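Since the structure comes first, as structure tokens, the remarks are kept for the end.
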Amino acid sequence: MSEELMKQLSNYKAQLQQVEAALSIDPDNEDLLKLQKDLQEVIELTKDLLTSQPAEGTTSTKSSETVAPSHSWRVGDHCMATWSQDGQVYEAEIEEIDNENGTAAITFAGYGNAEVMPLHMLKKVEEGRIRDEIDGKPKSKKELQAEQREYKKKKAQKKVQRMKELEQEREDQKSKWQQFNNKAYSKNKKGQVKRSIFASPESVNGKVGVGTCGIADKPMTQYNDTSKYNVRHLMPQ
């Protein structure tokens, strides 16, 4: 999918360059200005899709500064951690610890989602439950799973909607680009219509069917009377 989007993005940029070149000659052309705006929008939408794709299915890493953890964690410990996708706190299990970078690889209990996050961001299970009680009624595992499913569903719907919008933009751009090319072709051909020699002349003196090399409306060439130079003139007297 990303390779296809890259090709389309390159094609949109090439079209935009041609439109901008045409605008440099005719800057007030409304059709060209509209086409330029539409191309810019579809380019931005395609870039957004390309940016969002690599983020899906990958683990998030947050490690800029190493901060001393408030608790001595060990592999297998259960903790409370914030899931990067929705910002909610869930119970997780520590799978691996990187003391050098001060990070831990964790897996959220009941979900199987794995992430890597700083050790100082982890909370003890008791602390997490106390915070839930302060914020409101603690959520059951079933409720948390339902929330996560709903979040994923909304995210998938949003992605499908964006893909539909992009497909519609592609079709619109395809149609507009064809119209633009047809107009340019018609403009180049303007004034090159050939007239038939049998076309009606525009003046009363013109003759139908007489080729005059593009001057059919001019009167026919006049010749002097040569009747005195007849055959008898050549015969001996």
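Even glycines carry a Cβ here, placed using N, Cα and C.
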From 85-103, 142-160, the residue range that Swiss-Prot assigns the feature motif 'Nuclear localization signal': 142-160
Non-local residues, at least 6 beyond the ends, that sit with Cβ under 8 Å of the compositional bias 'Polar residues' (176-185): 15, 19, 22, 31-32, 34-35, 38
